[in-house]
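As recorded in Swiss-Prot:
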DOMAIN    71-262  domain 'RNase H type-2'
BINDING   D77, E78, D172  divalent metal cation binding site
Amino acid sequence: MPTSIKAIKESLEAVTSLLDPLFQELATDARLGVQKALKSRQKAIQTDLAEEERLEAMLSYEKALYKKGYQAIAGIDEVGRGPLAGPVVAACVILPKYCKIKGLNDSKKIPKAKHETIYQAVKEKALAIGIGIIDNQLIDEVNIYEATKLAMLEAIKQLEGQLTQPDYLLIDAMTLDIAISQQSIIKGDANSLSIAAASIVAKVTRDQMMANYDRIFPGYGFAKNAGYGTKEHLQGLKAYGITPIHRKSFEPVKSMCCDSTNP
């Protein structure tokens, strides 16, 4: 067994089980640095085990479908139903069988600082990705519920021509009129890894669009609020009026459109 604290730390990094004999051997080492390293590694392993358990639970829908013979399960989710401005964006993602991506979760539960990293991990591992975007004008024409469906259908259509085609759809709280077997899952982005993958792809895609709109239409805080009705956004509406990306069927934009004193 290594004796220097530096060597012990290096040995601990290779340990992946809480039952490893090295932990028991080091428990009798009275040096503060050793005990600190020991507890740190044990905590890290516990964190990894908890993450593995969480990911395994989020594969329950997929594993049940694999047992039934389905091979290419697509997760589908959308982002942007509630904002006053910008599009609704949906993504359709097919991950390899039993694929686990550390940190992947409902995009609302992932710290913003980690969005890009997990998004890139999904892009690297996914067998196929489709993205559907429905702009504010069509949202106003058909309503946000129907626009969400259209975005999801467009995301599925974007898979055409890719090597992997879906034989089953797991959809976040929605049923689609399409000839592919499917299941609607309430809070699917928190209960299915495939849907969670679609959630982060849709989220990052839309956030990038809104950051670009923030440069085109400054004063509304689009890069920070993604078009939601924050205080800064509402103040921008009062100060500068409605932009071409605002949803005129959503309040308070709708009332501003009816007010002849506003553009």
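Glycine is no exception: its Cβ is also placed from the backbone N, Cα and C atoms.
Look at the binding-site residues D77, D172 and count other Cβ atoms within 10 Å of each Cβ; D172 has the fewest.
Other than the site residues D77, E78, D172, same-chain residues with C-beta atoms no more than 8 angstroms from the centre of those residues' C-beta atoms, the divalent metal cation site, are I76, V79, A90, A91, T148, M152, I171, A173, M174, G188, D189, I195, A198, S199, A202. Close to E78 (divalent metal cation binding site) in the fold, though at least 6 residues off in sequence, lie V88, V89, A90, A91, T148, A151, M152, D172, M174, A202, each with a CB less than 8 Å from its CB. Mean pLDDT for the domain 'RNase H type-2' (71-262) in this predicted model: 96.
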